[in-house]
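Record features, source TrEMBL:
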type	residues	note
DOMAIN	98-342	domain 'MacB-like periplasmic core'
DOMAIN	391-509	domain 'ABC3 transporter permease C-terminal'
DOMAIN	538-736	domain 'MacB-like periplasmic core'
DOMAIN	794-907	domain 'ABC3 transporter permease C-terminal'
TRANSMEM	96-118	transmembrane segment
TRANSMEM	385-408	transmembrane segment
TRANSMEM	440-461	transmembrane segment
TRANSMEM	481-499	transmembrane segment
TRANSMEM	532-552	transmembrane segment
TRANSMEM	787-810	transmembrane segment
TRANSMEM	844-865	transmembrane segment
TRANSMEM	877-896	transmembrane segment
Amino acid sequence: MSLPTRLRSFVRSLVHRSTLENEMKSEVWFHVESRAADLEAAGLTRSQALRQAKVEFGPVATHTDGMRQALGLRWFDELRGDLLYSARMFRRTPGFALVAIASLALGIGANTVIFTLAKGVLLDRLAVRKPGELRLFAILLDKKSPVHSVWGSFFRNPDGRTYTSSFSYPAYQLLRQQNQAHPVIGDLFAFKDPRRMTISVDGHADVVSPEVVSGNYYEQLGVHASLGRAIKPSDDAVPGAGAVAVISDGLWSRMFGRSPLVIGKTIELNLIPVTIVGVNPPDFTGAAIVQSSPDVFLPLSMQPVLFPTGKASLLSNKDNWWLQVMARTKPGVKDSEARAAISVWLEQDIRATMKVGKDDQMPTFVLSDGSQGMASLNRTFKQPIFVLLAMTALVLLLASANLANLLLARSSSRQRELAVRMALGATRARVMRQVLTESLLLSSLGGTAGLMLGYLCRSAIPHLLTSAWDPTKLNTRFDLKIFAFTAALSILTGVLFGIGPAWKATRTEVNTGLKESSAASTRRRKGLAGPALVVFQVALSMLLVAGGGLFARTLVNLSKAEIGFDPSGILLFDVQAPEARYPKPRDITLHARIEEQIAAVPGVQSVTLTQLPMLASSMSNTDFVPTDQPKPAEGTAVANVNEVGRTFFSTFRIPILYGRGFGATDTTTSPAVAVVNEAIVKRFYPNQNPIGRTFKGDNDKVYQIVGVSRDSKYTDLRETIDPTFYILYNQSAEDSEMTYAVKTSIPTTDLLPRLRAAVQLIDRDLPLRDIRTQQEQIDATISQERLFATLTGAFGLLALTLACIGIYGIMAYDVARRTNEIGVRMALGARAGMVLRMILRESIWMAVAGIALGVAGAFGLTRFVSTMLYGLKAMDAATMIGAAAVLFVVAIAAGYGPARRASRIDPIVALRHE
């Protein structure tokens, strides 16, 4: 019989069990009565024939039991019986069951939460057709690369080169044409998620995140609109045209109530009319990121209209690399072959479209996996997630060791019961299966509770990583994979940590077990398994508590880091001047009017503008070429740059060390001026006075240095301060969106209505975006550190609780086991204090052994998190001593209760103890 046939038969037997039982009994009775009829025909009476037939056939139950075994039902019946027996045992000892289930629920729940995060960031792929075929185009740049202006995601490799997935639009077009002429990969398509836009629907304004895409984007991804149509090549044919949009399922629900009448509706994006032609499927998040979807998808042809930059459109700008490019693999062509061909084309295209010096080094082309889009969150959170997975694994080991300890103590106290069962015919395998079933039932209940806990806490981590003003980029999906993970974890825990107690339960000798009382049997089998597990628990707790201490101290160090400016009392918000209403240079005039209007608001001490907020994890760099110095041999030097207002330094309390700041005489028509930081002076003007000197920036524009400011941190709290210069937005602004920084002495809740009113006096259609304080902005840059400090602190607290339960449990069990011994000691003159110290010594040596083992483990493991720390070493002495002291105190506290109980034992009662 084939396996599927056997399975179908087994399922049918289970479903129609009562009918099957009746049929089996009827079958046996049919044969009994047939034999009785034969015997009766031979001359026996009816009663004699029936009795003789029953004797020959044996008990009916024996035959039906054989049938059940043949059908595979016997083990099911035994399992059901074991489960019912285990449930009755747990009802008799609810404290044991609750402690075991709660411990496992916390351990499995913690693992479920972190696995949900890991799956969303590391495992989930784009919701498109065959995502494994997608390839993302990227390049590696060194200091001598002809590509200088890169917008978007980039990071530095360990070899010092810069990795970026940004390309210029002309380079993308040439690569696509070359691939169409000589195909080595599927048709290239492009996309970009620019800054957020203002959307206006029926007079209601909001802020949305857009993505501009090439006309073949949806076709190549294999995605169809759930309502209406997708963007097509004809929408992307003419720059400045194609005013159509496909909206996300989330935006459709949020702003349009899922009405089908949304198709054909005209909305305004940055005051530009756009017609909605389609709605995306609910699970589609675009090609850039897996975890969340942009709100609006638009043709690339709309870039010059919706978010213009400078004088030239990005669609014709050959120097700005800003666009992401993807393609699908071509059947029969290896990635290495495609990479080699595209590398040759890319070099040709760079030489054809850009100015290339003789010493410039061409970028190295990279063809990477595109199944997760740009995988920016994967790179950001990969190491932290692995660390969190390791820590939750330690928590689960702690909970499992707790379960094993409880089961060991339980099996020791049940030796007489199990001996009786084996004396009555139960095999050792059958007894072992019974005890293992108890362990699996506990782990299943703990897993179910852990799954519920994980589901309830599934949004906790995205919440910790999300700022109130910034939409989350870390949504997580709770699906069947997580259920399967939790189920597998529960079964594995039950088997691995139940097998030891189950094996021990069957090691008793039947004769000895029947002769001894449960207490005597327990005394004889003290063993080292329980104390060893407690030492193991304390060691794991030491690792978790020390880890929590390291990340907590890192967060404190970052919070106290010197940043070079005063963030107190500063409110930030963004204002974008729509190109349709404020074409350049009218946007500069608009921002000047808003700045002047806000400065007159009661409660405002000062106001300034900045292109990039301070400590916002964003940066802009450009060339820095002193005009009176020879060009450096290693290529053009770069420095960070920020466009600011005249009162920037006074608003942020950044001292001007010498020279001056910006003043009223620095206008749009006066010579361009700059204030540089100390790092620029050290790098370019050592032992010199830079005031009055000039340098060339981007596009060879010349700036004169008028002042030197104190160094201040620009991108994030961990950075070393790089050379940075500040220029006036009204002399060089190319971006129509600016951040306003308002210094105030009154509560922000009182100030905000006044600020909105001041801006609406100038233009009622300009919303204040991303409203936050400067301190909130700083806090957002350390959200990952705060997450780690919170989670590791919680894990450390959980570890302490589990270790406390473990020590208390083993000591309470030990005191109960040694009641007679303690009674004898006290009868012979031992005082209560001596007994107290004797019992406490055992908990102390377990704590000391566990702490020593934990410190040794920390020495080997903490080096893996050294790059995530700030202001301290991985083996920080103060942290290790503090963690050891906490564990030592917890061990004494956990052991004190049983020790005190032992010291109060009545010798007379103890000597009669059975």
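Cβ coordinates come from backbone N, Cα and C, glycine included.
Beyond the transmembrane segment (844-865), the same-chain residues lying 6 or more positions past its ends with a Cβ under 8 Å from any Cβ of the stretch are 387, 531, 534-543, 546-547, 550, 803, 807, 810, 874-875, 880, 883-884, 887-888, 890-892, 895. Listed stretches 385-408, 440-461, 532-552 were compared with the transmembrane segment (787-810); the greatest number of C-beta pairs under 8 angstroms is found for 532-552. Of the candidate ranges 440-461, 481-499, 532-552, 877-896, 532-552 has the most C-beta pairs within less than 8 angstroms of the transmembrane segment (385-408). Restricting the average to the domain 'ABC3 transporter permease C-terminal' (794-907) gives a pLDDT of 85.
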